[in-house]
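**Q** Sharing the record's features from Swiss-Prot:
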type: TOPO_DOM; residues: 1-9; note: topological domain 'Cytoplasmic'
type: TRANSMEM; residues: 10-28; note: transmembrane segment
type: TOPO_DOM; residues: 29-339; note: topological domain 'Periplasmic'
type: TRANSMEM; residues: 340-359; note: transmembrane segment
type: TOPO_DOM; residues: 360-365; note: topological domain 'Cytoplasmic'
type: TRANSMEM; residues: 366-385; note: transmembrane segment
type: TOPO_DOM; residues: 386-391; note: topological domain 'Periplasmic'
type: TRANSMEM; residues: 392-413; note: transmembrane segment
type: TOPO_DOM; residues: 414-441; note: topological domain 'Cytoplasmic'
type: TRANSMEM; residues: 442-460; note: transmembrane segment
type: TOPO_DOM; residues: 461-473; note: topological domain 'Periplasmic'
type: TRANSMEM; residues: 474-496; note: transmembrane segment
type: TOPO_DOM; residues: 497-536; note: topological domain 'Cytoplasmic'
type: TRANSMEM; residues: 537-555; note: transmembrane segment
type: TOPO_DOM; residues: 556-870; note: topological domain 'Periplasmic'
type: TRANSMEM; residues: 871-890; note: transmembrane segment
type: TOPO_DOM; residues: 891-896; note: topological domain 'Cytoplasmic'
type: TRANSMEM; residues: 897-916; note: transmembrane segment
type: TOPO_DOM; residues: 917-922; note: topological domain 'Periplasmic'
type: TRANSMEM; residues: 923-944; note: transmembrane segment
type: TOPO_DOM; residues: 945-972; note: topological domain 'Cytoplasmic'
type: TRANSMEM; residues: 973-991; note: transmembrane segment
type: TOPO_DOM; residues: 992-1004; note: topological domain 'Periplasmic'
type: TRANSMEM; residues: 1005-1027; note: transmembrane segment
type: TOPO_DOM; residues: 1028-1037; note: topological domain 'Cytoplasmic'
Amino acid sequence: MANYFIDRPVFAWVLAIIMMLAGGLAIMNLPVAQYPQIAPPTITVSATYPGADAQTVEDSVTQVIEQNMNGLDGLMYMSSTSDAAGNASITLTFETGTSPDIAQVQVQNKLQLAMPSLPEAVQQQGISVDKSSSNILMVAAFISDNGSLNQYDIADYVASNIKDPLSRTAGVGSVQLFGSEYAMRIWLDPQKLNKYNLVPSDVISQIKVQNNQISGGQLGGMPQAADQQLNASIIVQTRLQTPEEFGKILLKVQQDGSQVLLRDVARVELGAEDYSTVARYNGKPAAGIAIKLAAGANALDTSRAVKEELNRLSAYFPASLKTVYPYDTTPFIEISIQEVFKTLVEAIILVFLVMYLFLQNFRATIIPTIAVPVVILGTFAILSAVGFTINTLTMFGMVLAIGLLVDDAIVVVENVERVIAEDKLPPKEATHKSMGQIQRALVGIAVVLSAVFMPMAFMSGATGEIYRQFSITLISSMLLSVFVAMSLTPALCATILKAAPEGGHKPNALFARFNTLFEKSTQHYTDSTRSLLRCTGRYMVVYLLICAGMAVLFLRTPTSFLPEEDQGVFMTTAQLPSGATMVNTTKVLQQVTDYYLTKEKDNVQSVFTVGGFGFSGQGQNNGLAFISLKPWSERVGEENSVTAIIQRAMIALSSINKAVVFPFNLPAVAELGTASGFDMELLDNGNLGHEKLTQARNELLSLAAQSPNQVTGVRPNGLEDTPMFKVNVNAAKAEAMGVALSDINQTISTAFGSSYVNDFLNQGRVKKVYVQAGTPFRMLPDNINQWYVRNASGTMAPLSAYSSTEWTYGSPRLERYNGIPSMEILGEAAAGKSTGDAMKFMADLVAKLPAGVGYSWTGLSYQEALSSNQAPALYAISLVVVFLALAALYESWSIPFSVMLVVPLGVVGALLATDLRGLSNDVYFQVGLLTTIGLSAKNAILIVEFAVEMMQKEGKTPIEAIIEAARMRLRPILMTSLAFILGVLPLVISHGAGSGAQNAVGTGVMGGMFAATVLAIYFVPVFFVVVEHLFARFKKA
C-alpha cells in the first residue's frame, strides 16, 4: 500500500484533506459534555398520602408499589423513602444503556397493576413517574436588591411566573422550588367554632359550595327556535379572589336569623402554600429553583437554555427582583474541557520539539507534525459517526493518542532518513526501501495497540462506558495513524526530504553536542547489552524480583472509582436534634453563612441556604447550604482548593452547638450520588425491625468513629427518630357518645395538619385554598383538648372526652433498598486512604454487627465495586488478545513471549509513580495501565521485528541479531518514548478545574512509559535470547 501512495502523493493529500474536512464538520456539530451518559438511567415514582405518617405510607403505599415492580428489563436496584409528610418516593436504577423512555413506560405499566391496591386518597392526589436525574444541575436564586419584596413575595412571583417556563425548557427534567406561591389560608379558632356549634368539616363544605366555578350554560343555546335572535353565556358563580370575599362566606344562619360568616370563626389571609422551607442568599430573604436534568440531556446546553430563558423573563420582573446563580456545575464542565484542549495543544508543541531534537531536520520534523491534525480530526469524524460527544474522556484519549500517533510517523521518517544516509539513495527510492523494512512493524504495532484497547469496549456498567470512550478514541486514532503512516507520511518523505549531501548533514553546535553524547550513549548501550547477554540467567532473576515488586505494589496501591475534583461548588448539611424548630435551624444556617463569607471570603463567592430541606429528608431540623467558590484563577494554591476549604470548614463548623454541620464535596459523576466518598445501604435482611436496625446502625457508626485513620465523616443519610405525640381514640367510647370516627379524624387532620379545599384566582392564576388551625391552637399538647367534634345529636363533644394522649418515638423517614428495610450510610476515606480502602473497612465492620444485618453498595460505590471486579478480567483478556495477535502476525509462538515479557516492566513504573504521588488505582489508572502495556509491547516489537528479519534474511545468530537490532532501533525508541512522555507531561502537572482526572491519567502512563523505556531496552534482548534458546531446545526435544 505504501508504494502505491509514494508514487501518488496527490492522492494521499486528497485523502488526508477529506479526513480533516470530515473532522472539522464533526467538531462543529458534536455536543460538549463533562462525561458521556455514564450514570445509569433512573425512574422515580412519587406519591402522596395526605395526613399519613411514615410507617403508614410505607405499609400502604411504598411496599404496594415496590411489590409490583417485578420483571423490569435491566433493573439494577431500587431504593425508596416514606416520610411523615405523607410522601412516598421509589427510585428505580437501570443498567447503563437502558432507554429511559422504555424504562418509564414499563414502570408506568407496572404501576397500573398497583393502583387498585392503593388508598383512594393517594389515587386522588395522582402518582408521577419521572425520568429526570436525581441530582441538581444548577440553582437559580431570586433576591430583592433593595428589600422591597419579602421572601413570600419573591417565592410567589417565582412560582407563578418563572417555574413553569423553566420546567418546559429543553433538557430540564424537573424543577424544585425553594419557597412557595401564595395560597388562601383559613386559620380556624376552635373556641369560636365551638361557640357556633361548628366543626372544621362545616367550614370545608361551605367553602367548596361558595368558592366554585359554575357552568351556567347559554341563553339561546342549540337547539334554538327558528327566529332566535339572542345568544349569550350565563354566569352563575365564579371563584372568589380576595381574603375579604372569603371572609364573607356564609357558614350558617342561626335561629334568630343572624348569620355566621367565615371571618367570625377564622382569620383569613393570603399566605404561603407551604411554610416548610426558608431560603436565604448571603443571609438575605430569597427564593430558589433547583434544576434537574432530563435523562440523556446535555448539561451545558440545558444550562445555557435555562439562563437564556431567565434572561428573557427578566424583562418582566418587578423592579427590584434579580437573578443570581449560587450553584452551577456547568462552569466546571466548560473550563475542564478547555483545560484538556489546552493540554492537547501543549502536548503537540512538546512532541514537535522532541522530534526536532532527534531528527535535527525541519523537513523531517514537519512530516510527523502534519500527521497529528490529520489523525486527530479524522478521529473526531469517527467519534461523530459512533454517536460520542466531546467530553473529558474522549479528550484524554486524544492527548494519549498524540504520543502514540506520532510514533508511527516518526518510525517512518527516522528509517527513511537512516536509509538515505547509510545507503546514499535519493528520497523516493529510500522511502520505497524503508517501507519494505518497517511496514510489518507498523501493522504489528497497530494490531497490538488495538488488541490492548479492544476488550475495554465490551465492559459493562458505568465503568464500561468510561472504558468504551477511551477504547474507541484510541483504536480510531491508532488505525488512522497507521493508515496515515502508510499513505501520507511516505508520500511526504518521498517529496519533502532531500538526499544526503556529501559528508552528511552538518548539525549546529547544539545538535553536534547532542549527537556526540548520543553516539557515546549508543556505544555504551551496545556494550552493556552484549554484557547482559553473557549472563541472562542472572538478569532473569532480577526480572522475577521486579515482577514480585509489581505484585506488592498492586496489593498496596489503594483503589477508588474516579478521583475527586474541585468543581467550584460544594454543599454543607446541617442537622439539629430531633424536634428542633425552623427558628433554630435558620440560626445555625446563618452561622454557616457568616463563617464562609468572613473566614473564607477570599475563596467563597456566595452562600445559598435552605432551611427545612436536605438530602436526608425534609424537616424543620434539617438545612442545606450551596456554596459557590470564586473562579479557579483566583484560588491558586492547594490551600485554596475545595478540599482544603472543606477540611477547614469541618473543623470550624464542628463547634456550633446542638447541630451536626458537615461540608462535603460533590461526587466525580453527579448522577451517581450527592456526595463524594462511599455510599452504603445497611439492610435488615433478618427482618429484625426498625428499632434493632437503628441499634445496629448506631453500633456501626460507633465502630467507624473509633478508626479515624481509616474513615471519616461516617454519618446516616436519614432523619433520626423523633418524639411523636400519639392520640389514642377510644372507638367504643366515641361510638357511645355518638361521635363518628371519620369526624374525629377529619378534625385532627385539618387542625394539626391542613386540608386542601379547592382553588381560587389570584392575579390571573389558579392557587389553592387551605384550612388549618390558627398558630396558637396547634403549638402545645394541651391544644388537642381545645377541639370539639359534633355528635349525632348535634351537641359538641371535646376530643378529651373519648381520647387519651402519650409521647412516643418514631421515624419521620423510613428507607428501603431492593424491597428490604434499610438505612443509608455516607462517609469519606481518611487522609491517605482511598474509597476502596474505606469500603473494605466498612464491610469488615458490618460483619461484626448482629446476625440478620447486611449491606449493599449503591450509587458511586456500586459502580466502584463493579469496576474493581472487572479490572482483573480486563487485564487478563487484553494480555491474551495481544499475545494471540502477535502469534498470528509473526506466525510464531516464541516471538510473542519475547514481546509480552516486557509488560511488567512498564506496569511496575506506572504503579510506582502512582504510589509515590499518593494517587489510587482508579478507572483512569486502569486505562493508563492498558496504554502502558501497549506502549511497552510497541518498543519490544520495534527491536524484535528487526532481529527476526536479520535472522531470517542475513542468517545471524539470535545474539548478533538482537544486539544489532537494539542498536539500530535505540534512537527511534528513545525519540518516540520521550515524545510520548512529554506529550502527557501537561496532564501530570495540571492544576485547577479537572486536574484530578488529568493527574490520574497522566501520572501512571508517564511512570509506566519511563520504566518501560529505561528497562525494556536492556531486558528485551535478554528476553529474546532466552526465549529463542528455550524454544530451540524444545524443538530439538
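Keep in mind that glycine also has a Cβ here, set from the backbone N, Cα and C atoms.
Walk me through where these features lie, including what they touch and how far apart they are.
**A** Mean pLDDT for the topological domain 'Periplasmic' (29-339) in the predicted structure: 87.
Long-range contacts of the transmembrane segment (340-359) within the same chain, counting only residues at least 6 positions beyond its ends with a Cβ under 8 Å from a Cβ of the stretch, are 365, 368-369, 372, 376, 392, 395-396, 398-399, 402-403, 406, 410, 413-414, 417, 511, 514, 971, 974-975, 978-979, 982-987, 990, 994, 998.
Remark: secondary structure over the topological domain 'Cytoplasmic' (360-365) totals 4 helix, 0 strand, 2 coil, with classes taken from DSSP.
Residues 16, 19-20, 22-27, 29-30, 344, 348, 351-352, 355, 394, 398, 401-402, 405-406, 408-410, 412-413, 472-473, 476-477, 480-481, 484-485, 488-489, 492-493, 496-497 of the same chain, all 6+ positions outside the transmembrane segment (366-385), place their C-beta atoms under 8 angstroms from a C-beta of that stretch.
Counting only same-chain residues 6+ beyond the ends of the transmembrane segment (392-413), those with a CB under 8 A from a CB of the stretch are 34-36, 336-337, 340-341, 343-344, 347-348, 351, 355, 359, 364, 367-369, 371-372, 375-376, 379, 383, 434-435, 438, 441-442, 445-446, 449, 466, 469-470, 473-474, 477-478, 480-482, 484-485, 489-490, 493, 497, 924, 927-928, 931, 934-935, 938, 942, 972, 975-976, 979-981, 983-984, 986-987, 994, 997-998, 1001, 1005.
When Cβ-Cβ distances below 8 Å are used as the criterion, the topological domain 'Cytoplasmic' (414-441) is approached by residues 2-3, 6, 358-359, 361, 364, 486, 490, 493-500, 504, 889, 941-942, 945-946, 949, 968, 971-972, 975 of the same chain, each at least six residues removed from its ends.
Tertiary proximity for the transmembrane segment (442-460) is limited to same-chain residues at least six positions away from its ends with a CB under 8 Å from its CB atoms, namely 95-96, 404, 407-408, 411-412, 467-468, 470-472, 474-475, 478-479, 481-482, 485-486, 866, 870, 874, 877-878, 881-882, 884-886, 889-890, 899, 927, 930-931, 933-934, 937-938, 941-942, 945.
Residues of the same chain lying 6 or more positions beyond the ends of the topological domain 'Periplasmic' (461-473) and with a Cβ under 8 Å from any Cβ of it are 35-40, 95-97, 379, 382-383, 386, 388, 391, 393-394, 396-398, 400-401, 453-454, 561, 669, 672, 863, 866-867, 870, 874, 923, 926-927.
A Cβ distance under 8 Å defines the sequence-distant neighbours of the transmembrane segment (537-555), meaning residues of its chain 6+ beyond its ends; these are 901, 904-905, 907-908, 911-912, 915, 921, 1015, 1018-1019, 1022, 1026.
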**Q** What residues elsewhere in the chain lie close to the transmembrane segment (923-944), defined as a C-beta under 8 angstroms and at least 6 residues from its ends?
**A** 396, 400, 404, 407, 411, 441, 444-445, 448-449, 452-453, 456, 463, 466-467, 470, 474, 561-563, 867, 871, 874-875, 878-879, 882, 886, 895, 898-900, 902-903, 905-907, 909-910, 914, 962, 965-966, 969, 972-973, 976-977, 980, 997, 1000-1005, 1008-1009, 1012-1013, 1016-1017, 1020-1021, 1023-1024
**Q** What residues elsewhere in the chain lie close to the topological domain 'Periplasmic' (386-391), defined as a C-beta under 8 angstroms and at least 6 residues from its ends?
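**A** Same-chain contacts beyond the ends: 27, 30-36, 298, 337, 380, 469, 472-473.
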**Q** Who are the long-range neighbours of the topological domain 'Cytoplasmic' (945-972) in its own chain, taking Cβ under 8 Å and residues 6 or more past its ends?
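**A** Here the qualifying positions are 358, 410-411, 414-415, 418, 437-438, 440-441, 444, 518, 522, 525-526, 529-530, 533, 890, 895, 1017, 1020-1021, 1024-1025, 1028-1029.
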